[in-house]
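Before any comments, here is the structure.
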Amino acid sequence: GVNAAFDVLLICNVNVYELGHRLLFRKNPPDLGEIVQMGLLKRLGLMSLGGLLMLYARWRIMGTGPPAFTEVDNPASFEENVFTRIVNYNYYYSLNAWLLLCPWWLCFDWSMGCVPLIKSATDWRVVWLLLLWCVLIGLISQALCSPDIQRRRTLTLGLVLLVVPFLPACNIFFRVGFVVAERVLYLSSAGYCLLLAYSLGHCCYRWIKYKKLTCIMLLALLCMYVVRCALRSHQWRSEQSLFSSALSVCPLNAKVHYNVGKNLADRGNTSAAVKYYREAVRLHPNYVHAMNNLGNILKEKNELIEAEQLLSKAVAVQPDFAAAWMNLGIVQNSLRKFEAAEQSYWNAIHYRKKYPDCYYNLGRLYADQNRHVDALNAWRNATMLKPDHSLAWNNMVILLDNTGNQDQAELIGREALKLLPNDHTIMFSLANVLGKLQKYKESESFFLHALQINPNAASCHGNLAVLYHRWGKLELAKKHYELSLKLEPEAPGTRDNYNMLRRKLDQLKHSMP
């Protein structure tokens, strides 16, 4: 559209006013030969063909159907009252125009109640859309009816650059998934800049005695844009500053509070994250992702009853929310509601067929119930779906070891290390199995390799000491017992084993001649 307008106005040098006047009043209308001579038909044909090809390609990419949006994405488009819908669309246009003129209110997301709907003619915000159309009608009339040819061409091109790139985002042809999106103004800003520069230049020329004042206003406007650009660029340097900056612009936007909370939780500040997640749920009571994340944090804080309530509500609002079903199962398992937990896990797997983490947690549930075969099958499913699922592999080795199946545990451990050769937890578990099978040399090798990867693992030092103790390498056992106690002084059993070893060393020392 922009290219077509540029070709028509500047390349073909078409006088839109004159052409429109001749067509409208049928005074000497242009014939086909004249249009061809201007090159207009050829250029418009090529532009139309190119546009149709691009639209077809886009349609194929979208899956030959429009994307699905929800009411929280674009509330006005779901209004049944046509008048209310039109008024709010026009208010959105005025907001976009204001962001071009004064880009101070910038936010990464404008959905979820950020812009309350206008539902009454007495709402003071109606003034802004009336003002917008007054300005647009004034510009259009000048672009079409001004006796100055250069002014008509400049204003027409400026309006085309301003309006045409914005048309796909204006909700006229189809519903869009946002209220305001700053990205759709990138091309429109070229038209705005052209109109602003021309208007200021015209003012300087028309009112020469106010030239100094106009220059001061232009300089102030330019300084504002530069300062705002610098501030916004700084805010985009990190998620924390970007999300936090939106709190003052859209305090009613639940997604803003959700993103601030998620960023805090990702950085380990779960206590502060809870406050923002709660505010997100308060602003939007059916915000399932906020409920899911808040439920997870409360689960970690052992506030299991409230966590169960939140996650139950989340799956009630969105029954196909697989992650919430899995998290609900984890909470129910902790509350020892085993049947409900199992059903929640299977619901999660029903809605997400390939869900290795859910199979892993299902295996833990079965292990807690001593359903060892079911647990092994669940963990095997997890490793089939995700071959590098370290926890599932490790739990299989531990369960087989604890149930006396050391030979099978060794096979599983070696299979796991082929896929995860540097996983120190699997090395540790396999080393324990090999120690029980009296394969001391191999066991020692895996313990030492695990310690190379994670030298501060107290349990690894402690179990290696036990291995040396059994093997008869008492000095090495003493060394690793001491290292284990240094890293974890309250390690269960390690202190007793160390004291037993010291008594044995003392006995050997006294028995020597």
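Placement of Cβ uses the backbone N, Cα and C atoms for every residue, glycine included.
All annotation found in TrEMBL is predicted automatically rather than curated by experts.
The transmembrane segment annotation in TrEMBL covers 35-57, 89-106, 126-145, 157-178, 184-201, 213-231. Annotation source TrEMBL lists domain 'DUF1736' at 65-137. Positions annotated as repeat 'TPR' by TrEMBL: 254-287, 288-321, 356-389, 424-457, 458-491.
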Discussion item. Should anything in the same chain at least six residues away from the repeat 'TPR' (254-287) have a Cβ under 8 Å from its Cβ atoms, list it; otherwise answer none.
Written reply: 72, 107-109, 111-114, 239-240, 243-244, 246-247, 293-294, 297-298, 300-301, 310, 317
Item to complete: Answer yes if the transmembrane segment (157-178) and the transmembrane segment (89-106) have at least three CB pairs under 8 Å among residue pairs 6 or more apart in sequence, and no otherwise.
Response: yes
Fill in: Per-residue pLDDT averaged over the repeat 'TPR' (254-287), given as an integer
94
Worksheet item: In the repeat 'TPR' (356-389), how many residues does DSSP call helix, how many strand, and how many coil?
Response: 27 helix, 0 strand, 7 coil
